[in-house]
Amino acid sequence: MLPPGADSVVVRHGDVGVKSSHVQSDMERTLRDNVAAMLADRGVPGDVEREWGRVLVRSPAPGRAADAAADTFGVVSASPAVSVAPDLDAISDALAAAARAHYDGGAFAVDARRAGTHDFDSHDVNRVGGDAVWAAVEDDFQPVVDLDDPDITFFVEVRDAEAFVFLTHRDGPGGMPLGTQQPLVALVSGGIDSPVAAWESMRRGAPVIPLYLALGDYGGPDHRARAEAAVRTLDDYAPNHDLSLRVAPAGDAIDRLAAATGRTRMLSFRRFMYRVAEHVAEHAGAAGIVTGEAVGQKSSQTTANLGVVDRATTLPVHRPLLTWDKQRITAAARSIDTFRDSSLDVGCNRLAPRQPLTAAPIESVRADEPDALFEWARAVAADTGPVEVAVA
């Protein structure tokens, strides 16, 4: 619902507000720029401003602008609003107009917040604003005030230079503005989990460098196509960042690895994969690696085996989904729109041995894997490059 005359969007952040004033200022500027980039990417007209504690959008299309802002990392919520003078008369007039346009009976409430210096407080806004709503609709309805469980709430936010009247909050992803953390290499397999892990890392402010290992006979065109589709979707959330997919030509190395290993094969494969990611990260200036692993989801993802594969790299391995159930991961994939293109079994399942070890000693893994495994990883990383991902 849009209030009559809506011309603005009030954009709120969360964790940014608990930072020191210097850090908050920097993060708010980044958030402002990211919201502006999201609007431009979607063809939504508007000017984006930063005020302390808020980002404001001035737009002739406030509904579309609010939707774009609500898809921006770091945004907790966005509300299409009408901007008025910060005085009780102007606020009351805007509330009365909103009530005449949208109140259709039942209980209502006025919920006001105020920041800055005024000759009234939020209780005054609630009282005077409630009277204005009541007077606007009492001839046609029998209005009821219910502050605990209203059918419709009229929101007011008063700031130093203006006030905003609005009716809805459009939830955003929260987190931190993208670009406020160092980038991470995100291993993207084409399965359900890895795009969600990459998205969660982006939600906490870290741009990702997507890395896909082309597995040769153990993958295939459909396998790579799912990874490309996932990256296209992730790119929609980062219009002012480069999410070019890096493809590592690992097929020959995987063939040699499969021929040389037995029950520890998947652990050696993951160690090889981490080492490729480490070299790519070093070249790209990334601070770590992101994977979609969750404890116990597969034999290679037991707590013991995760420790074994971690020892293949000196970089931190971030696992945003570490404690998530599969149902939660699947729900998140549906929510961010990566589920459809990543819901089929991925090629690396065909690489797994029949009876994989669930708690392999590191000595056994090292003894079983080829001595040149990490040299293969270095060579594969050297041949890794960005590829063009076609727009669907």
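Glycine residues also receive a Cβ, built from the backbone N, Cα and C atoms like all the rest.
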Item to check | Identity of the ATP-site residue among Gly175, Gly288, Gly292 (reference: Leu187, Val188, Arg270, Gln301, source: Swiss-Prot) | outcome: Gly292
Checklist outcome for this item: Between the binding-site residues Leu187, Val188, the one whose Cβ has the fewest other Cβ atoms within 10 Å is Leu187
Checklist entry - Once the DSSP letters are reduced so that anything not helix or strand counts as coil, what is Val188 (ATP binding site)? => result coil
Checklist entry - Under DSSP, the domain 'THUMP' (63-169) has how many residues in helix, strand and coil? => result 38 helix, 31 strand, 38 coil
Checklist entry - Should Arg270 (ATP binding site) be counted as helix, strand, or coil on the basis of DSSP? => result helix
